[in-house]
Amino acid sequence: MDFWPEFLASSWGREFVAGGFGGVAGIVSGYPLDTLRIRQQHSSKSGSAFTILRRMLAVEGPTSLYRGMGAPLASVTFQNAMVFQIYAILSRSFDSSLPLDEPPSYTGVALGGVGTGAVQSLLLTPVELLKIRLQLQQTNSGPVSLAKTILRTQGLRGIYKGLTITVLRDAPAHGLYFWTYEYVRERLHPGCRKTGEENLTTMLLAGGLAGVASWVACYPLDVVKTRLQQGHGAYHGISDCFRKSVQQEGYSVLWRGLGTAVARAFVVNGAIFAAYEVALRCFPSAHVAPGKRV
């Protein structure tokens, strides 16, 4: 009877549930754009985002835009809880001399984000591999069936294909992500890093710009990751994928779909941070600024 009140009153409980709300909001709001991005990255013959969208709606129907959403949605609560909680712990650990009522420095924020991105790659790699393959296929097989097939035929090595490139993408990207969010929210609403009293507009803008900054910085690595994880066996590692992609399609291939990714990043990450912060305010216990939740 007392489990949920006690759970939500604890730091871990609030982070877990609020992170879950943020992740669900981000996936639902941005998944169609993510599907278009993946298809743009997959082939130079796919056309513009609008062309792909029109073709998918006509041939595969509106539900094709959400194909493969089950894999990330099933793991999103735990993943986002882990991301926000690990970030809070790591960002404080780099500023252990600071009083608990002070937010971590921007250096601590960036280093905490780098560590968070590296750790969360362990969970994200198989989820994104399943998502990418489901988004590119024309059939309606589910993530569980696909995961079983990969594990049966390729083992853990197959389900974790792309782990190295995911770490290389996510570690620096998360450092920039959290740094941009903390910096922008403080600029838009001075003092909010300490008080946690920023408004919804600040959350949406700071979160959206954080997502845009991190995606622009890591986008070429994301293109390589998508191609490595698509499952065609055309590439033998990161450098081979990079070299063949550039040789065949030019350096522009590394930025294909960037416009779609940036639009999605702004929508998704604005929704993530807004839902996360709003959820925290609904739980018992006074709200404190990010970086203090340890």
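Any Cβ shown, glycine's included, is placed from N, Cα and C.
Taken from TrEMBL, the feature repeat 'Solcar' covers 10-93, 104-187, 198-282.
A mean pLDDT of 92 is what the model gives for the repeat 'Solcar' (104-187). In terms of DSSP helix, strand and coil, the repeat 'Solcar' (10-93) has 72 helix, 0 strand, 12 coil. Assigned with DSSP, the residues of the repeat 'Solcar' (198-282) fall into helix, strand and coil as follows: 72 helix, 0 strand, 13 coil. In the repeat 'Solcar' (104-187), helix, strand and coil residues by DSSP number 73 helix, 0 strand, 11 coil.
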